[in-house]
């Protein structure tokens, strides 16, 4: 007889928990709640301390502080007890200052006592000193992986790694020649790591790094700009060409990594969608390092010669909106995120946001003789909200060689499926019983169930007939819904197209025919366009959703009449002529069946140009889905990261002389890197047949390769090819 299996040691763990309590083992499976997850992380840190020869039980350690921070808002009784226990320990126990060999990734980086630099630093210093350069000094701190917990958006940490030197360059005391070169302060990493866990789970760590180029802003001022293209909307039928709005143009730029192509290459995405069934968004962190600031001057000779010099006293301004104070402006909707090619330098997008502006546009139908009416009301004084970064968000000043880390933000989002559903209402439940079956092979027209339609059993909602058919049998819910398709609505600030969730409807699978709600992306060379000429039309693609939850606008009809009456023109909605002779109206413009019985899938991840996460609306009634991103952050989302080259003034600056400052032309190159962590569930096979997966053939393989001058494109990839049943 085989010996009994050894059970994991539970220790003094209260009911309902697996790790909250002393003496338990670290193999209890998934934690039961956030407090239990914090306890598991705490236990792992203690184990690391013990392995390194330190006793965390007699000292107050960083792991204890981390547990206090993670349970400060705990609602469960165990988390509350643990929180106050370690607060009491903090008050009486001596502090354990040394960190374990593998510290956690969720504690703020703080300046610590300077440690002895490695030997190669002294060798480099000796060489520089011999050449006449200054010495390098460095504040030794932990790398970005030791960033801060970011429950409310993150607490940034700045590390100064600045070189000092005499230099012979011009422009703000900048260093030129052989001086002013700092020590490399980070690593360039674009690998995607897959860690296979228990019970079919996979931890996916996407690393991304980019060289970012940032020019100084055209102006140091905030500007309120009114955009008015009334020449277009003055023509009847052109309401959809309306561009009128007001925006605040700022001197800052936005570093936005919120797009799938920033994090995954095409091969990574193929592996994910072919083997995983769902994605969970876990955490996000980012860092700026190896900051370089340079000035540009021109000689007086003809033709003029530009001279570039390192400026060790110029500053890069960095602000992290960790509390989401500023308007949320995801750049993926304008295809202005960081670029998708790790080996190509990229630029951040100039940051701007909408400002309140009332107007009325009364359109004219193309078949009428009237002209559109445009009335501009201006800004309502009750609605003015002018935001400035300088007085709303802490701003950090970085100089050559400095670093900035945001810390780690942990997401609270619902998971995203990587499978699609094929069942519509006609495929739900138990099919009708067939009294007889086909007797010959290949029969395709077996049309008789064998029981008269008024003699069948079952449930319908037809009160005036006894017929039970596949059309009348009662289904549990409605899969998908009829939406206002291609409809525009008026708002106080102008018309907008109604968003609808993407879904496959009818037979529309041609990418040139927009199916129900399928998004269409236009993008440039940073984000997948192959052409190398300037000023070209952006490349485009339409992402056809696989979910069978849409409608077929070109061929749908809706009948709303008594069952036993003939169909009349005023009681049926057809694709054309839906209401008593009025032509040119699609029924989906005026009919909406969304209700409490509607079943709908989330939007798919759109690789590479789609947005990953979105911010939850601050409204009492919140939308259940957002059509631009599969992950909607509950309560808070990662803080937006803003950068700006600080004003580098000349001695001629006079604040009263001109609206434009007298500045030295200065720009910055810096390295950005980030880490985005997912948890994914491996997809299990439950069917006999193999399924379609993301693949390529010999012909389209070359879409992923550069040509002889380096031009290449990123082809969009499907994310929900694998089918699943929904009922």
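Glycine is no exception: its Cβ is also placed from the backbone N, Cα and C atoms.
Sequence annotations record features per position, and here Swiss-Prot assigns compositional bias 'Basic residues' to 1-10.
If you look up Swiss-Prot, you'll see 1-38 (among others) marked as region 'Disordered'.
Here Swiss-Prot flags 4-13 as motif 'Nuclear localization signal', drawing on sequence analysis. This prediction places the mean pLDDT of the motif 'Nuclear localization signal' (4-13) at 57.
Residues 8-11, 16-19, 43-44, 47, 70-71, 74, 76, 78-79, 82, 198-199 of the same chain lie 6 or more positions beyond the ends of the compositional bias 'Polar residues' (25-35) yet place their CB under 8 Å from a CB of it. The compositional bias 'Polar residues' feature in Swiss-Prot is assigned to 25-35.
Marked as region 'Disordered' by Swiss-Prot: 95-184 (among others).
Summarising the annotation, Swiss-Prot assigns compositional bias 'Gly residues' to 166-183.
DSSP assigns residue 323 (Mg(2+) binding site) to coil in the three-state reduction, outside any helix or strand. For 323, the entry in Swiss-Prot reads Mg(2+) binding site, with the evidence type similarity to another entry.
Under the heading region 'Disordered', Swiss-Prot lists 507-536 (among others).
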A correct count of other C-beta atoms within 10 Å of the C-beta of residue 323 (Mg(2+) binding site) gives 13
Using DSSP, how many residues of the compositional bias 'Polar residues' (25-35) fall into helix, strand and coil, respectively? 2 helix, 0 strand, 9 coil
